[in-house]
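Quick look at what TrEMBL annotates:
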| type | residues | note |
| --- | --- | --- |
| TRANSMEM | 43-68 | transmembrane segment |
| TRANSMEM | 161-179 | transmembrane segment |
| TRANSMEM | 194-212 | transmembrane segment |
| TRANSMEM | 224-247 | transmembrane segment |
| TRANSMEM | 259-277 | transmembrane segment |
| TRANSMEM | 289-306 | transmembrane segment |
| TRANSMEM | 318-337 | transmembrane segment |
Amino acid sequence: MPGSSRPALLWDLVLGVLGTAAFLLDLGADLWAAVQYALGGRYLWAGLVLALLGLASVAMQLFSWLWLRGDPADLHGSQPPRRCLALLHFLQLGYLYRCMQGLQQGLLVWRQEEPSEFDLAYTDFLSLDISMLRLFETFLETTPQLTLVLAIILQSGQAECYQWVGICTSFLGISWALLDYHRALRTCLPSKPLLGWGSSVIYFLWNLLLLWPRVLAVALFSALFPSYVALHFLGLWLVLLLWVWLQGTDFMPDASSEWLYRVTVATILYFSWFNVAEGHTRGRATIHLAFLLSDSILLVATWMTHSSWLPSEIPLQLWLSVGGGCFLLGLALRLVYYRWLHPSCHCWEPKPDQVDGARSLLSPEGYQLPQNRRMIQLAQNFFPKAKDGAASPVKGE
């Protein structure tokens, strides 16, 4: 292994530790908030926090277990028996087990002077699954929790210490998940271009700046009309679920578990853009952006006809100005990213020896190298095929 790769392996290991710590910190902040709400007699708020936490955890364990069950039997050589893994996932510890497994594999590779190609590929395989699970957790739990705590603060007119901690950990978790997902997608590129700080920062900023106005819009609507926010979410979610189904997704190991993926993607699309099918990405992204923008405008019109002041006596115009500014800046950065920093690739041809759960290539040593089929498929959707005869690595880097 070239000496220049060892710092990169160490950096990946450090990022894995920090990502796990960020998850645990966010989990602790949510439990702290639930306890404080319960002690203060606000049982509805405590119940909502725990419900969001529980639903997201169950979904993550299901994804993790279905992926493990669908992977080749000989891929994970040193993992516990299937019954132990099932028990870990039943106890809601499957994701943490995956994090520990990824850290252990990363440490093993870093300590080797010349890691084998299989060890490196297997490390990538594990880290890609962790990145995907972290993204799902972000939009199933962290983003809704952030929306909930903002709505509570706006309605009550005051913010407690544990609520500020929750806001900070939520932003940390969302930021980490977005950057980690972008980095994971780049890992799947056949040309393996280096992930430059420029494209990472721009990608992170435009996602966060477009996500923040959406979260703010739903939080404001929840503060003004708490009884109708569930109906609003359910109505839009059903439309988005139908849209995902019509695109014919094929992400999970079997057709029955595919609906879990579609339900999750519909929830993500309620807050942000997520590409699930290859081809015509620009058109679908434009339709989705226009759909969310139209919905937000309708929410604003509803607010203005009801009252220009929030229950906490905060002027609504201030929040609308902040949200509008973030949206315009995020839209501009999104255009910059796709114009100059988004890579294209021409070599997405299917590889031979495909197995359920992973694409396999024969290495020079004669054994198969695992490649994460799930993330490769998402990378194919995210990165377009180059139109010329050669892959254009990363524009602007």
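Note: Cβ is positioned from N, Cα and C throughout, glycine not excepted.
Among 161-179, 259-277, 318-337, 259-277 has the largest number of CB pairs under 8 A with the transmembrane segment (43-68). With a threshold of 8 Å between CB atoms, the same-chain residues lying at least 6 positions outside the transmembrane segment (161-179) that come near it are 18-19, 22-23, 25-26, 29-30, 32-33, 36, 131, 134-135, 137-138, 142-143, 145-146, 149-150, 152-153, 200, 203-204, 207-208, 211. Residues 151, 155, 218, 262-263, 265-267, 269-270, 276-277, 284, 295, 302-303, 306-307, 310-311 of the same chain lie 6 or more positions beyond the ends of the transmembrane segment (224-247) yet place their CB under 8 Å from a CB of it.
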